[in-house]
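As structure tokens, the structure follows; a few thoughts come after it.
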Amino acid sequence: MYYLKNTNFWMFGFFFFFYFFIMGAYFPFFPIWLHEVNHISKGDTGIIFACISLFSLLFQPIFGLLSDKLGLRKHLLWVITGMLVMFAPFFIYVFGPLLQVNILLGSIVGGIYLGFIYNAGAPAIEAYIEKASRRSNFEFGRARMFGCVGWALCASIAGIMFTINNQFVFWLGSGCAVILALLLLFSKTDVPSSAKVADAVGANNSAFSLKLALELFKQPKLWLISLYVVGVSCTYDVFDQQFANFFTSFFATGEQGTRVFGYVTTMGELLNASIMFFAPLIVNRIGGKNALLLAGTIMSVRIIGSHSHTALEVVILKTLHMFEIPFLIVGCFKYITSQFEVRFSATIYLVCFCFFKQLAMIFMSVLAGKMYESIGFQGAYLVLGIIRVSFTLISVFTLSGPGPFSLLRRRESVAL
């Protein structure tokens with residue numbers, strides 16, 4: 001009943017919905033758009049993704065520091081929203097034609113735009129709304145659930161629209177960006193509050209200091225969580241980059257594969273949303289560290305399992321996505337707020353969970369692209385899966401806070 005009356009919960013919930021609706025028009029079908037519409041090779045696709053990662057590196061630490069400096073002011077979100085309105089014109093009239101003229105130039109321009117609005121923009125939005133959730137007393141994970149639903153609905157719609165005319169998908173994204181602007185306009189985060197609450201969310205500018213933020217890098221636990229991100233989260237993102245092309249290869253035609261991919265993505269994201277609703281309760285019970293380890297375990301199963309040979313197996317493995325993302329996202333913020341000062345939450349999130357991941361992806365994307373061409377998707381996925389399992393096991397001992405062994409001991413003591 002409380003959530004029904006919490007205006008900011010609905011405003012930011014629907015902001016997540018439409019933002020990830022736009023992302024759903026881009027991310028799942030981007031490899032297909034590159035390969036089937038623009039006839040880009042697997043190797044060149046790796047270069048494009050590497051450029052996106054490169055420019056994301058420039059924006060993510062800046063966005064992190066800027067987000068903590070701005071607190072709950074919406075300046076950065078306005079810039080991201082304005083660029084999203086240009087989603088369709090950019091893809092249709094700028095990015096696509098440039099890729100045909102010069103692959104490197106197109107990759108650089110695309111990397112700047114996509115790195116800004118998605119790879120750096122998405123975590124900046126998540127970090128902002130996580131701060132707003134603490135100010136407005138609602139669970140971040142439940143607001144983030146709207147994003148899963150938005151992605152799911154768009155994936156199904158875009159899967160159909162893409163096979164009719166791929167440009168329809170991009171115009172749909174630009175239209176949704178206009179709705180984002182309206183939601184941002186009417187959301188209210190600057191209401192009067194006590195200094196205690198403002199400090200808790202890092203809303204006071206005096207609570208933020210660049211010098212203190214840089215002091216974070218002297219803490220070993222920051223580097224250890226970064227090790228988890230590079231070895232676990234980064235490996236998964238590299239795996240997912242060209243998974244759509246691997247998925248469609250199991251079907252008679254590319255159009256059939258694209259449609260089925262859209263349906264499966266929709267089903268997975270709707271299930272993802274249902275898990276996301278309960279994720280805060282589970283993560284609060286098991287702790288941030290265990291949530292991250294659980295996400296790593298599920299992702300490892302999916303990657304290694306993709307060394308499969310039938311469409312049914314690939315469909316089943318695709319739906320595992322519904323479990324991994326809720327525990328990764330909610331778990332990472334739980335870990336950050338329990339192990340570090342909350343006034344630096346955005347900086348830590350965008351540097352550790354985003355910047356270091358993108359840094360590793362510059363090299364891993366190119367390496368994965370070469371593996372896809374030399375040993376095929378299945379062989380490459382087996383290699384990525386082994387890397388993932390190794391780093392998940394290492395993280396059991398390197399991440400701070402109560403781990404799985406502490407959880408087992410606690411259960412045994414309760415049983416006694």
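The backbone N, Cα and C atoms fix where each Cβ goes, and this holds for glycine too.
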Check: H39 and F247 same membrane side, Swiss-Prot record: yes
Number of helical, extended and coil residues in the topological domain 'Cytoplasmic' (67-75), per DSSP: 5 helix, 0 strand, 4 coil
Stretch in 46-66, 98-118, 167-187, 315-336 most in contact with the transmembrane segment (348-368), if contact is a CB pair under 8 A: 46-66
Nonlocal neighbours by CB distance (under 8 Å) for E324 (site 'Proton translocation'), same chain, sequence gap 6 or more: Y236, A295, I298, M299, R302
Inter-residue Cα distance where the pair is E269 (site 'Substrate binding and proton translocation') and H321 (site 'Proton translocation'), in Å: 8
